[in-house]
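Peer 1: Here's a structure for you.
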Ligand SMILES: Nc1ncnc2c1ncn2[C@@H]1O[C@H](COP(=O)(O)OP(=O)(O)OP(=O)(O)O)[C@@H](O)[C@H]1O
């Protein structure tokens, strides 16, 4: 395009941007290289000499790791040399740009001007890694005790703190160190804003038997196909809300109890898991210190029989936790024999923790959903876009262990009438929305479903499953035709029968997810994307309308 008046051709983005040459980063012992890479850009990092780790997981020497849409740090205990080079820019012009833009922060520029095209990168000498490793060795002592004294549980750790304080990072570091010592901790994610080995909107528990994935953060679950890093099998519960406080915690709390029950049962059966204990990562909103958050914290402490509380980056919360829990007996069954007491510790927040703005988080969430269906390939034929965290890994030595995982999800047509679809109604405004969306006059509906049209209050009631007496559970079953609002959203497939009581549906673990690509309201059909082919199981389904919400353009 010409610029008017000047007759100058506008330089193309490629011409404006010349990738920087590979840079060597020399790290002294005890320092870390912090970097931020936008979605759409890729940066390759290779450990040339020495040893280094990314959030507790060691980097293999001379292996090229490729990062995209990442904010992280590579730390060295003994000193190392890294090579940082620009990878290719992933074309995001297919209508799906994670986060609605090509760059974190929405600037439209994917490549930055740091080494290798990082948006920002620098070396930091001050880190809390010694503190964090001391915590690890403290936990290790408790694990050793649990191993020596049969019947005693390993540490059950709860990590608390405000948003972006580094809770998930600390969880990764402690998990990475534990697996390195051949421990098998159970990691519980109670942060619905970000998925762990699953999509956002899920609360999960996973037994970590093997190392974490350097590039992707946690690694991959079996849903993601073959992987160079051993896969992990998470137990997944659907919590399609962004905040644990929704519905006064009446949905969050029972799911936490369910997870705790499953984790405790696993620990009772599996000695390795019992000795290694549990690490619970939480949502930043629980770190507010409000009465409601304290109530939820208390619920978690009780249900998981927490024995160690780690508070990052909040003096106030730390002091409240000390007052409420320090040296109080744990609720563990084994504690009745051993007088086990809770320890509360304060940890420093790393100066490297970055606030992630909404558009970056949106991109992270969209890429988690995308990778659930399409894998972590840089450019799949169906999507040609990037997956958050990882694009692929190319072996520097042999080039054989590509980390790209391309999946082939299946699309299929579903008859809406044959589905038992439930939705959470958590606010009155939402209920109003729903009524607008389900205005039957838009869809030309059958008479029996709308016999109550002349009587709106009854119509609202009819949307609740009459078979359930659990009216306090904010779940309702659709008895009306499909709404266009279903398009571009996720539906969870539970393990319970279609007409199970509402409490069972809420408390059921999840078999998997489908993505609604299209809604034909007139024919009452949905076109859905499923990770595997075959018939949709006859189970109760739960709609993720509010959260993770709409993900546009997953299917072209
Ligand atoms: N030392 C570090 N150097 C660079 N980036 C870091 C460092 N520590 C953490 N980060 C980054 O800061 C961001 C926030 O960290 P993290 O996700 O651990 O916080 P959180 O407390 O779990 O946040 P939330 O409350 O939103 O769950 C992440 O993108 C993480 O990768």
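Every residue gets a Cβ built from N, Cα and C, even glycine.
Keep in mind the model is a prediction, meaning the values are calculated, not measured.
Pulled these from TrEMBL:
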- 32, 71, 164, 165, 166, 167, 168, 169: ATP binding site (BINDING)
- 442-472: compositional bias 'Polar residues' (COMPBIAS)
- 27-146: domain 'Clp1 N-terminal' (DOMAIN)
- 161-374: domain 'Clp1 P-loop' (DOMAIN)
- 407-548: domain 'Clp1 C-terminal' (DOMAIN)
- 433-475: region 'Disordered' (REGION)
Peer 1: Please list, for the domain 'Clp1 N-terminal' (27-146), how many residues fall into helix, strand and coil according to DSSP.
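Peer 2: Per-class counts: 27 helix, 43 strand, 50 coil.
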Peer 1: Most Cβ neighbours within 10 Å: which of the binding-site residues 164, 168, 169 is it?
Peer 2: 169
Peer 1: Counting Cβ atoms within 10 Å of each candidate's own Cβ, which of the binding-site residues 71, 167 comes out highest?
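Peer 2: Checking each of 71, 167, the winner is 167.
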Peer 1: Express in Å, rounded to the nearest integer, the largest CA to CA distance found among the ATP-binding residues 32, 71, 164, 165, 166, 167, 168, 169 named in the record.
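Peer 2: Among the residues the record ties to ATP, max Cα distance equals 18 Å.
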Peer 1: Under 8 Å Cβ to Cβ from residue 165 (ATP binding site), same chain, six or more residues apart: give me those in sequence order, or none if nothing qualifies.
Peer 2: 284, 287, 312, 313, 314, 349, 353
Peer 1: Can you give me the same-chain residues 6 or more apart in sequence from residue 32 (ATP binding site) with a CB-CB distance under 8 Å?
Peer 2: 73, 74, 75, 76, 123, 124, 127, 129, 352
Peer 1: Can you give me the same-chain residues 6 or more apart in sequence from residue 166 (ATP binding site) with a CB-CB distance under 8 Å?
Peer 2: 312, 313, 349, 350, 352, 353
Peer 1: Going by DSSP, is residue 165 (ATP binding site) sitting in a helix, a strand, or coil?
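Peer 2: Residue 165 (ATP binding site) sits in coil per DSSP, no helix or strand.
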